[in-house]
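Listed features, source TrEMBL:
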| type | residues | note |
| --- | --- | --- |
| TRANSMEM | 33-59 | transmembrane segment |
| DOMAIN | 50-338 | domain 'G-protein coupled receptors family 1 profile' |
| TRANSMEM | 71-89 | transmembrane segment |
| TRANSMEM | 109-129 | transmembrane segment |
| TRANSMEM | 150-171 | transmembrane segment |
| TRANSMEM | 191-211 | transmembrane segment |
| TRANSMEM | 286-310 | transmembrane segment |
| TRANSMEM | 322-341 | transmembrane segment |
Amino acid sequence: MVPAEENLTAVLNLDSCLNCTQPSVYDVNLPKVVTMVVVFMFFAVFGVMGNVLVIVSVACHRQLRSVTHCLIANLAVADLLLSSVVVPLSASSEALGRWVLGRALCGVWASFDVLCCTASIFNLCVISVDRCLAVSYPLRYPCLATSRRAVSAMVAVWVASAGISVGPLFGWREPMPDDESVCNVNEDPGYAIFSASCSFYVPLAVILVMYCKVFMVARRKARSLTDGQWHSGVKGGVAFRIHRGNAQRCHAERGKEEEGSRKCRSYGALVKLLTFSREMKAAKTLGIVVGCFILCWLPFFLVLPISSIFPSHRPSDTVFKITFWLGYFNSCLNPIIYTCFSQEFKKAFQNVLKGLCFHRSTTTTTATHLTQISPHPAPPSHPVTPSTSRFIHTGVSKSLLKYCCFSTEGTTSSAGTHHVLVDMKGVTRGQAV
């Protein structure tokens, strides 16, 4: 039992500490805390809502269930986890000026941060490979990009990201400070170089190579279109000759003479043109996503290795925090990009917000193009054969397939031949991902 005199002394010492003018370690500037919490939570809430909107749109719209859109949804999952778990904890730490959740959760938070950021750039890397295949091999793409391969790629993204992020949990980090209220980014030189290389620079190199190839292929194909290598054309467009003869299939036997072969060539050229323009639009939109990701994360991945290897050249805490939060800001940018540059996502977002996503689906954009460019109404419907069904999965609508591959009944004559003029600028503006 404590003597009365000692108890009185302890109380007097406590009173003197409470009355002292020197601020304690845990003093909080309330206006600063409120301002920082509002700003940081805005980013977090906006990131959560935007990425949830992307995931729900892909889930409930049938035309958004392609391989590319599934990869985009996987990217949105990574950004959603970053916005909903990592950003709020970082915001509370910044606002309060200390870490309040203990040392164990500090390590988990740091590893989860690396996991989400690595998964984001790995998803962008897989998407860049997907776009390269789609633009380079537009008609073979459905056979190359299968659902099974897409699922395998998405699982591999998370497994590889987890392998990179768990290092600090097993001791690969700088010594932890004695003060449990301090929780910093792991600046161990070895791990900083390893994580920066594997999580950013190597995937970035793959992305840049893939997109360079995409735009090289695009330039070559655009030049071949201009030179009329796919079909004879007129200024500002490509004319495809379609005959109104007896109904015949594109896979007709060799004895069907020149008219059938001419139709098949015209149909194949039109499919190539519309598919190529669609994939190029998707590549441009996703190229903007990649560009924003690089701009947001490059400063941090430059500062982190330099400050860990050369501590004397470490920038100020303010600069370090700006680069840190600039990377977090990227998690809420992608939904904005999709809304601005993709009509498909824009319409899907509107349907979700109106509660219509499970009741109706948006029309395919290629059918819209056909309605705009065709001077004649589409002919009666015909069954789609297995040999031509693979074209449907490239984004070309059934109405386009029937219109180009099968002719209406009637006599074949010069008067029964018409041209479909495809405006290259209009097709290039076709909306895709």
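Backbone N, Cα and C define each Cβ position, glycine as well.
The transmembrane segment (109-129) makes contact with the transmembrane segment (191-211), as judged by at least three Cβ pairs under 8 Å among residues 6 or more apart in sequence. Away from its own ends, the transmembrane segment (150-171) comes close to residues 67, 70-71, 74, 107-108, 110-112, 114-116, 118-119, 122-123, 126, 186, 188, 191, 194-195, 198-199 of its chain (Cβ-Cβ under 8 Å, at least six residues beyond either end). Contact between the transmembrane segment (71-89) and the transmembrane segment (33-59) is supported by 3 or more Cβ pairs under 8 Å, counting only residues 6 or more apart in sequence. Here the transmembrane segment (33-59) does not touch the transmembrane segment (286-310). Their Cβ atoms form fewer than 3 pairs under 8 Å, with each pair 6 or more residues apart. For the transmembrane segment (322-341), same-chain residues at least 6 beyond its ends with a Cβ under 8 Å from one of its own Cβ atoms are 40, 43, 46-47, 50-51, 53-54, 72, 75-76, 79-80, 82-83, 86-87, 90, 117, 120, 185, 284-285, 288-289, 292-293, 296-297, 299-300, 302-303, 349. Confidence across the domain 'G-protein coupled receptors family 1 profile' (50-338), taken as the mean pLDDT and rounded to a whole number, stands at 81.
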